Amino acid sequence: MAKLIVSDVDVQDKKVLMRADFNVPVKDNQITNDNRIVAALPTIKYIIEHQGKLILLSHLGRVKSAADKAGLTLKPVAQRLSELLNQDVKFIPVNEGPELETAINNMNDGDVILMENTRFQDIDNDFGKRESKNDPKLGEYWASLGDVFVNDAFGTAHRSHASNVGIAKAMEAAGKPVAAGFLMEKEIKFLGNAVENPVHPFVTILGGAKVSDKIAVIDNLIPKSDHILIGGGMAYTFLAAQGHKIGKSLFEEDRVSMAKDLLQKAGDKIVLPVDHVVASEFSNDADHEVTSGVEIPEEMMALDIGPQTIKLFEDTLKGAKTVVWNGPMGAFEMSNFANGTLQVGKALGDLQGATTIVGGGDSTAAAQQLGIADKLTHISTGGGASLEYLEGKELPGIAAISDK
Ligand SMILES: Nc1ncnc2c1ncn2[C@@H]1O[C@H](COP(=O)(O)OP(=O)(O)O)[C@@H](O)[C@H]1O
Ligand SMILES: O=C(OP(=O)(O)O)[C@H](O)COP(=O)(O)O
């Protein structure tokens with residue numbers, strides 16, 4: 001069923017709560033890639049131009065202890081957004097209480113404020129992970145601050161958290177509108193087409209570091225995909241499941257039995273690395289070499305796929321008509337381990353007449369770094385979210401938006 005969109009709702013003079021996904025890479029309080037902020041601009045500008053009072057919420061990173069807070073403040077995002085909008089975006093260093101409420105009550109139409117990282121609620125109180133465990137009281141509190149809720153955080157849509165699902169339920173219960181933003185609308189349109197009418201051969205490429213998060217999606221992608229190429233940090237749990245030596249490579253022991261089951265179920269659909277670039281430590285300065293085969297020496301870690309694997313992946317990609325890529329093939333931020341991601345990205349960009357979809361913060365950054373972004377059909381702002389969507393799952397963040 002079609003979802004309510006922000007343009008269906010009257011936002012003039014209204015306090016508009018908008019959940020965005022501003023989970024951008026930040027190093028030393030500097031944003032290193034602002035894609036997700038730029039992607040939210042159409043909705044933000046629409047609300048400003050239509051004289052809403054815009055109150056932005058987002059998470060940033062995974063907040064596990066008070067020590068994480070200094071590096072995960074949203075303050076740099078407010079600054080970047082001010083520059084992009086050419087208008088002041090007021091940063092509120094809390095996300096609950098009188099300071100926030102006063103700032104909201106003092107807003108004029110067209111003003112924008114951004115409250116502090118919603119995941120600070122996971123550690124700042126005596127009630128446990130209020131944001132990530134979707135404490136209904138927190139959703140109700142945030143909902144009480146506004147008249148309209150707009151969810152534009154596609155990248156977070158696979159999470160059922162207080163700031164996307166809890167707030168939406170509380171708004172709806174209070175008879176207030178819950179609408180999708182334009183980014184959410186665009187993502188659903190593109191990915192929906194890929195799920196409903198995938199032209200075969202359909203190839204899924206998986207990599208990156210969020211092994212336990214993303215391994216489960218493979219189960220549902222097996223029947224949809226003709227081939228599943230697995231590289232990056234994701235690959236070594238699978239190679240270990242096959243009994244190979246993986247040295248000090250990224251490995252999640254409690255996912256080995258799942259990897260075994262998936263390998264059995266997928267048969268030869270799953271294609272794993274056959275050689276690697278290995279290093280003594282996770283550093284661009286570390287000694288590194290290419291292995292002669294699949295086995296990884298005990299004291300080394302694999303940080304990229306090797307040349308034979310690149311060839312194997314390129315060959316498997318030939319003739320593909322739909323390709324979904326999530327997660328880099330290696331630690332591509334370090335130049336010595338970027339080649340696998342570069343070559344696989346190039347192969348993707350060179351495909352003729354294919355629908356190519358890349359998802360995830362790091363994968364998108366890689367595609368841009370490689371200069372292939374323009375050659376891809378769709379760059380999704382969601383990594384895990386796009387994968388779960390492509391699995392055919394109903395994402396909780398989307399389900400909680402009102403139907404038209
Ligand atoms: N072999 C590897 N070992 C360790 N980390 C890796 C490896 N390959 C890729 N990575 C890391 O994976 C991260 C990206 O993973 P992930 O967050 O799952 O992707 P995305 O953000 O695109 O969804 C990058 O920081 C990259 O350095
Ligand atoms: O960056 C995100 O996911 P992604 O890396 O899978 O694209 C989203 O903002 C969700 O973050 P989370 O995986 O910490 O819940």
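Easy rule for this one: first residue shown is 1, then count along the chain.
Every residue, even glycine, has its Cβ placed from backbone N, Cα and C.
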Recorded ATP site member, picked from K186, K189, K214, K224, that accompanies E333, G360, G361, D362, S363 in TrEMBL: K214
Residue among R36, R80 sharing the substrate site, where TrEMBL lists D21, F22, N23, H59, L60, G61, R62, R119, R159 as binders: R36
Top Cα neighbour of H59 (substrate binding site) in the set of binding-site residues R159, K214, E333, G361, D362: R159
Cβ within 8 Å of the mean position of the Cβ atoms of R36, R119, R159: remaining residues of the chain near (2R)-3-phosphoglycerate: D21, F22, N23, S58, H59, L60, T118, A153, G155, T156, H161
Intrachain C-beta neighbours of D21 (substrate binding site), sequence separation six or more, cut-off 8 angstroms: R36, A40, S58, H59, D152, A153, F154, G155, T156, T381, G382
Neighbourhood of ligand 1 - binding-site residues from D21, G360, S363 with Cβ under 6 Å: G360, S363
